[in-house]
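What TrEMBL records for this protein:
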type    : residues                                                         : note
BINDING : Arg124, 147-150, 220-222, 273-276, Arg457, 468-469               : substrate binding site
BINDING : Glu143, Asn145, Glu375                                           : Mg(2+) binding site
BINDING : Glu143, Lys312, 371-380, Tyr382, 405-408, Glu432, Lys459, Asp465 : ATP binding site
DOMAIN  : 210-309                                                          : domain 'Glutathione synthase substrate-binding'
Amino acid sequence: GARLWEMLMNTTLIKELADVAKDAALIHGVVMRIKETPNSSELVTYAPFTLFPSPVPKAVFHQALAVQTHFNLLVDKISQDSGFLEEALASTIAVDDFTRRLFDIYRSVLKEGRSQSIVLGLNRSDYMLDQREDGTSSLKQIEINTIAASFGGLASRTPDVHRSVNQHIRSTQRLCGRFSLGDEIEHIFWGTFGINWNCYSWSTPCHSRAVVMFLVEEGQRNIFDHRYVENELWKRKIPTIRRRFQDVCKTGSLDQDKRLFVDGQEVAVVYFRDGYMPQNYISEQSWDVRLLMERSLAVKCPDISTHLAGTKKVQQELARPGVLERFFPDQPQVVEQIRATFAGLYTLDMGPEGDKTVAMALATPDNFVLKPQREGGGNNIYGSEICQVLEGVKESTERTAYILMDLIHPSPVHNYLLRRDASLQVSKCLSELGVFGAYVRQGKDMVMNECVGHLLRTKSSEHSDGGVAAGVAVLDNPLLV
């Protein structure tokens with residue numbers, strides 16, 4: 001309360017704590033390359049983060065962790081249901097070229113028959129706390145990221161940074177509560193990649209030298225997040241390589257058994273940290289390479305069907321009455337746990353239901369967010385802009401490229417956002433809790449299904465949209481209250 005506010009306003013103390021925090025971030029490896037030279041590690045800076053951890057109610061935090069294995073199963077079940085994906089995405093692929101291109105690859109792979117029975121899923125389900133009128137709050141899912149879910153590496157290092165700050169202020173002002181440790185992220189990726197690399201090696205005689213290939217972006221500012229994963233794999237004697245689409249284009253090929261080779265090295269697992277936005281596909285060759293990898297014997301993280309299972313349109317379809325029951329026919333408790341996290345989601349398909357959604361959004365735009373089928377942050381549409389967009393497309397099928405969702409109203413808290421070259425000032429902040437899920441299926445058998453850690457990202461309440469990599473949100477830790 002008052003003492004905390006007093007501390008937030010003590011500029012001498014805050015300046016001192018910020019210096020301690022920035023140095024702690026560098027000591028603990030919470031770092032990024034600078035934006036001027038994203039492909040060189042000659043100059044690095046701390047990844048943006050909050051000076052203090054942000055309060056998260058204990059019950060809500062544990063609710064998010066508890067439902068994650070159900071979301072893993074749901075994503076995996078959707079990825080195996082071609083009828084559902086066809087039906088759910090039919091209107092989207094008619095108007096959204098990017099989703100259509102992905103879907104064409106999916107159809108090709110289905111037609112040819114899947115080469116690999118091992119499936120590796122690493123996803124992150126993102127939530128915000130919706131403050132109700134009566135003062136209570138409920139957990140609402142923003143989205144689930146089934147491809148290139150980032151910050152598992154850096155998030156495992158941020159608790160130590162906040163511990164350093166906490167130690168520094170103990171003598172003057174003790175922080176209440178305790179940090180929810182991020183240490184559980186330690187085994188997040190390493191276990192799953194290890195299982196898949198081993199499975200591949202066992203199922204492919206004499207090829208234990210196969211590698212895990214990180215498919216990476218052109219600009220690699222966030223390379224250290226990847227490096228943590230790579231280092232853990234190397235410790236387990238699992239070799240990794242990093243390649244971009246254009247590299248695979250030059251030297252990638254399949255042999256007669258559909259084994260994938262890149263630069264002469266056999267690839268056991270393709271881990272996508274790229275390929276989730278239209279601009280990642282810089283040429284037709286990029287699309288050819290995606291198809292080549294999907295057709296191959298390599299385990300894909302994610303495969304094309306799991307990528308499609310994470311689209312906004314699928315999220316909206318899942319909120320329809322009876323749809324979750326299709327995937328969990330005899331498990332009402334599971335359905336209830338998943339459904340409890342859904343915000344209101346509405347279709348913009350052509351027809352009376354979509355017309356009703358349009359009318360509702362135009363009447364009260366401030367209650368909603370309009371979402372296109374895009375990942376990577378910075379794409380959503382809010383407030384009066386919703387009216388501008390919908391007025392332009394309401395009579396045309398172009399509207400089906402979007403879904404409408406209830407706007408979630410989190411309660412802002414005050415904090416300092418530390419980022420390079422930014423002034424030190426107190427901000428009203430909103431936080432988003434991400435929960436990592438990992439699973440491995442071999443044929444029909446679920447070999448592993450776990451919740452493997454969490455991530456808290458915080459942004460100034462002036463910014464409605466965007467993540468850490470997009471330069472809007474910063475890394476944070478939950479202070480369980």
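Residue 1 is the first one shown; counting continues down the chain.
Including glycine, each Cβ sits where the backbone N, Cα and C put it.
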Cα-to-Cα gap, Arg124 (substrate binding site) vs Asn145 (Mg(2+) binding site), nearest whole Å: 5
Pairwise Cα distance for Asn145 (Mg(2+) binding site)/Tyr382 (ATP binding site) [Å, integer]: 21
Check: same-chain CB within 8 A of Mg(2+) site center, minus Glu143, Asn145, Glu375: Arg124, Asp126, Ile144, Thr146, Ile147, Ala149, Tyr276, Gly310, Gly376
Top Cα neighbour of Gly275 (substrate binding site) in the set of binding-site residues Glu143, Pro372, Glu375, Gly378: Glu375
Local Cβ density at Arg221 (substrate binding site) - other Cβ atoms counted within 10 Å: 19
Fewest other C-beta atoms within 10 angstroms, as judged across Gly275, Pro372, Gly378, which are the binding-site residues: Gly378
Rounded Cα-Cα span from Pro372 (ATP binding site) to Ser150 (substrate binding site), Å: 21
Nearest of the binding-site residues (Arg273, Leu407, Arg457) to Glu375 (Mg(2+) binding site) - Cα to Cα: Arg273
